[in-house]
Each structure stands twice: as C-alpha cells, then as structure tokens.
Amino acid sequence: MAIDVKAIEEHIKGILIALGDNPEREGLKDTPKRVAKMYEEVFKGMCYTNDEIAEMFNVTFEEDLCVSDNVGDMVFMKDIEIFSHCEHHLALMYNMKVAIAYIPKGKIIGLSKIARIADMVGRRLQLQERIGSDIAEILKMITDSEDVAVIIEGEHGCMTTRGIKKTGAKTITTTLRGKFNTDTIVSNKLMMLYTK
C-alpha cells in the first residue's frame, strides 16, 4: 500500500480551515505539503505487512552456530529507541525503549535487523501492545524460534498532553512467547538482563 500524499495535503488544508486559520497565509502555505511528507516518513511502516517486513529484514546466519538447549543461550538487546503514533488520537508515543530477546533455534538474525524491525513496526498507527506482538511475530518468522520476548516502555501524548495530562506517566508492556512465558528460569533471566 502506498501513502496517498496528495490526499493528505488536501485533508490537512481542510483541517487548517476547520481550525479557523487561513492555509494560504505565509506561515501555513506549505504546511499541508510538509505534513504530507512527514506522514510519508513517520508512517512508512503502514506500507508493509508483517510478512513483508520479515522478508525485508530476513538476514540470518547459520554456519558455525553452536546453540544448545541450555537456557543461557539467549540473544538479548535493549534500549532500542523508537517512536509511534497511537491509533486513537494520532498522538505521539515517545521516549519508547524496546527490549527484545529470543532463544535461537539454529539460526540468528543480524543485530541491526532487530532494531530495524522495531523501528519499522513503530512507524504505523499503533497500540503499544500491538507493537510488541508485531515484533514478536516478525522475529518468529525470521528465526523460526517460538521463544521470543518484547518489553516496551514509553510515554503517550494522549496521556501527557491532553485528557488527564499526567506528564511522566510511563506504560510498560510485555509480549512473552514460548519459554519466556512458560519457563520460570528463562523469564527470570530475561528480567535480570532487562533490569541490569
């Protein structure tokens, strides 16, 4: 799916008029075009399904990989900074940090690809909970591992700048699949690494 930049420009112009402003005035005359270009960038992830994102970042390594059933064999990455926009108010979700872990099953994904997946999934109209589920699903597709965990901490503009206006309120979500959900030793190790 391609983003319809021209339609966005027209709708932003209409919003400016609905707000009681003049979209032809000096400070606003290029605003519809700028917003459309920004939306094309910040919502880039909406152009791709989870399957397509998995295909895009499917760079794995299998040779010389010694992975055992030992619970110590875990790939863990944290403090991946992303942003997103909530689908309810189009408000920014910011100061988001993602931690991702998986237990390899014969192949590993390139580390930069993990961060790229998180970034691309965030570039959609989202719920924080769905970001975690989407990342876990894509990582499972690429690595064939059922054992995936995603922890996300973030602030939501819809909570901090409107409504209840609780600045500093953070939301933490967890998506736990496979052993991260069923094996206490594995989940304890995950939490130890996350809080380290």
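Note that Cβ sites are derived from N, Cα and C of the backbone, with glycine treated the same way.
The feature Zn(2+) binding site is assigned by Swiss-Prot to Cys86, His89, Cys158, with sequence analysis given as support. With a cut-off of 8 Å between CB atoms and residues at least 6 apart in sequence, the same chain places Gly157, Cys158, Arg162 near His89 (Zn(2+) binding site), listed in sequence order. Under the three-state DSSP scheme, His89 (Zn(2+) binding site) falls in the coil class.
Each residue in His85, Glu87, His88, Leu90, Ala91, Met93, His156, Gly157, Met159, Arg162 lies on the same chain as Cys86, His89, Cys158 and has a C-beta within 8 Å of the C-beta centroid of that Zn(2+) site, without being one of the site residues.
Taking the Cβ of Cys86 (Zn(2+) binding site) as reference, residues of its chain lying under 8 Å away and at least six apart in sequence are, in sequence order, Met93, Leu125, Gln126, Leu127, His156, Gly157, Cys158. Cβ contacts within 10 Å of Cys158 (Zn(2+) binding site), excluding its own Cβ and spanning all protein chains shown: 16.
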